[in-house]
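> Swiss-Prot lists Ser2 with the feature N-acetylserine, giving similarity to another entry as the kind of evidence. According to Swiss-Prot, the domain 'CAP-Gly' annotation covers 27-71, on the basis of sequence analysis. Marked as repeat 'LRR 1' by Swiss-Prot: 154-175. If you look up Swiss-Prot, you'll see 180-200 marked as repeat 'LRR 2'. Residues or ranges marked as repeat 'LRR 3' by Swiss-Prot: 205-226. Swiss-Prot lists 230-252 with the feature repeat 'LRR 4'. Residues or ranges marked as repeat 'LRR 5' by Swiss-Prot: 253-274. The repeat 'LRR 6' annotation in Swiss-Prot covers 278-299. The repeat 'LRR 7' annotation in Swiss-Prot covers 308-329. Annotation comment: Swiss-Prot describes 342-384 as domain 'LRRCT'. Residues annotated as N6-acetyllysine in Swiss-Prot: Lys463. Marked as phosphoserine by Swiss-Prot on the basis of similarity to another entry: Ser495.
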Amino acid sequence: MSDTLTADVIGQRVEVNGEHATVRFAGVVPPVAGPWLGVEWDNPERGKHDGSHEGTVYFQCRHPTGGSFIRPNKVNFGTDFLTAIKNRYVLEDGPEEDRKEQIVTIGNKPVETIGFDSIMKQQSQLSKLQEVSLRNCAVSCAGEKGGVAEGCPNIRKVDLSKNLLSSWDEVIHIADQLRHLEVLNVSENKLKFPSGSVLTGTLSALKVLVLNQTGITWAEVLRCAMGCPGLEELYLESNNIFISERPTDVLQTVKLLDLSSNQLIDENQLYLIAHLPRLEQLILSDIGISSLHFPDAGIGCKTSLFPSLKYLVVNDNQISQWSFFNELDKLPSLRALSCLRNPLTKEDKEAETARLLIIASIGQLKTLNKCEILPEERRRAELDYRKAFGNEWKQAGGHKDPDKNRLSEEFLTAHPRYQFLCLKYGAPEEWELKTQQPLMLKNQLLTLKIKYPHQLDQKVLEKQLPGSMTIQKVKGLLSRLLKVPVSDLLLSYESPQKPGVEIELENDLKSLQFYSVENGDCLLVRW
């Protein structure tokens, strides 16, 4: 840039040696002669002061070391969109091809051209582009009016993340020329958003908008969304968003909403987006949430909130109460949940226990933490849940005869699906209530008998094995003990509580506990 400065540089985004900043001041800084730019760095550790020099405040920074004064010729104000595309996507012709002469007719006159093939080839390359990635390419503006529409009219997907765009208006100047644009990513641009209304239909074809780390507020989200009538996916990660109002005439077509890492969001704010009619996926990772309630739905009922929500992500939060998952069972359409790295679920040794409890708590769930819930696993989880809280159920007034059930409100609130599980599998038997609870004592040692139905000469053994031991490890132990290859071993078990019923242990990756093996049961080993 030249040393001639004008006031319109204030607020523009710039790059200096790979670091991004915003211009806050342009002018003279005595006693040193010549023009200076005062910039506020995105990385405050890059700066030296707060915008003042020798007692005079030239501009203000959010951080005491966020500012610097820089000569204009050291600053990169960026490039326009079309130039950035050419720099990245147009293949340069060799010098010999550039010198080729060609006769073309313009009007009635023959005109001799040099490099005409090269120009046509470049235009052809640009017009065919449908997906463009210009991340960190110092794009600052749209460029010449109409140039984008003429040069690359077929673009459908654009990544403009981490560039030098300073305003939403500049984004619109680019996107408005791309009539087929469906996906737009402007993350990591410090954008100034409009304070007035935005004309609807500006980005009529847009389906996916990514605004992560742009500093946008919720009110600005709603204003920008007015220009995206067909929007289906909206990403707003890391913006310090506070949901201040309910979207009424906007976001009605959105199917996916990502609000991750917005620590100001709480449970009450989520009610404001709970009526979006088509919202199917909601990502709430790392927002600090610990509870969620649907007060419009009683025990065993479904809420009217989030009517279409199928997939919920609540990773990296503060969920520490099982009641959280009881509430999720009220969501009528929920089929998939991800809840990794929460206080209730982040202990590796309790991972299987937590998974089973969550499955038992949410009846319609099909996928948990991206792992499919097979019918066998659901049955196992629900039976263990029924058994684990059987004594509590009985003490709270539970009875095998439904007419004699007098369950306390406290128990029904803590275990809203328990009655349903009793209807599904039958009330827990007395012998079940006398055994140790499988979910609560996951790593208990089980005393088991080991028999060999096809080897009558083998002596019956008695072994203590941890309930968490996998079938694969049990086979390994028996292989060493019997001198028989692991691949030849077939395991099953029977319980004295159910004589004559033999259950195969067919999945090597599952634990003894998974198959409800208990103290006193008998392992049957065949080869």
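Residue positions begin at 1 at the first shown residue.
Glycine too: its Cβ is placed from the backbone N, Cα and C atoms.
What's the neighbourhood like for these features in this structure?
Helix, strand and coil residue tallies for the domain 'CAP-Gly' (27-71), in that order: 3 helix, 22 strand, 20 coil [DSSP].
Long-range neighbours of the repeat 'LRR 1' (154-175) within the same chain, counting only residues 6 or more positions beyond its ends whose Cβ lies under 8 Å from a Cβ of the stretch, are 11-15, 20, 22, 76-78, 81, 127-142, 148, 181-194, 202-203, 206, 210, 212, 220, 224, 227.
Long-range neighbours of the repeat 'LRR 2' (180-200) within the same chain, counting only residues 6 or more positions beyond its ends whose Cβ lies under 8 Å from a Cβ of the stretch, are 11, 13, 20, 22, 42, 153-169, 171, 206-217, 220, 223-224, 226-227, 229, 235, 237.
Tertiary proximity for the repeat 'LRR 3' (205-226) is limited to same-chain residues at least six positions away from its ends with a CB under 8 Å from its CB atoms, namely 161, 168, 175, 179-191, 193-194, 196-199, 232-245, 247, 249-251, 258.
Residues of the same chain lying 6 or more positions beyond the ends of the repeat 'LRR 4' (230-252) and with a Cβ under 8 Å from any Cβ of it are 187, 204-219, 221-222, 258-265, 269-270, 272-273, 275-278.
Over the repeat 'LRR 5' (253-274) the predicted model carries a mean pLDDT of 98.
Distant neighbours of the repeat 'LRR 6' (278-299): 252-263, 265-267, 270, 305-306, 308-321, 323-324, 327-328, 330-331, 333, 412-413, 416; these residues of the same chain sit at least 6 beyond its ends, with a Cβ under 8 Å from one of its Cβ atoms.
The helix, strand and coil residue counts that DSSP assigns across the repeat 'LRR 7' (308-329) are 6 helix, 3 strand, 13 coil.
Long-range contacts of the domain 'LRRCT' (342-384) within the same chain, counting only residues at least 6 positions beyond its ends with a Cβ under 8 Å from a Cβ of the stretch, are 314-322, 324-326, 328-329, 334-336, 417, 420-421, 424-425, 438-439, 442-443, 468, 511, 513-516.
There are 15 other Cβ atoms within 10 Å of the Cβ belonging to Lys463 (N6-acetyllysine).
DSSP classifies Ser495 (phosphoserine) as coil under the three-state reduction.
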> What does the structure give for the C-alpha distance between Lys463 (N6-acetyllysine) and Ser495 (phosphoserine)? Integer Å is fine.
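About 15 Å separate the Cα atoms of these two residues.
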> Can you name the residues of this chain that are 6 or more positions from Ser495 (phosphoserine) yet have a C-beta less than 8 Å from its C-beta?
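Long-range Cβ contacts: Val501, Glu518, Gly520, Asp521, Cys522.
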> Taking DSSP three-state, what's Lys463 (N6-acetyllysine) in: helix, strand or coil?
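Its secondary structure by DSSP: strand.
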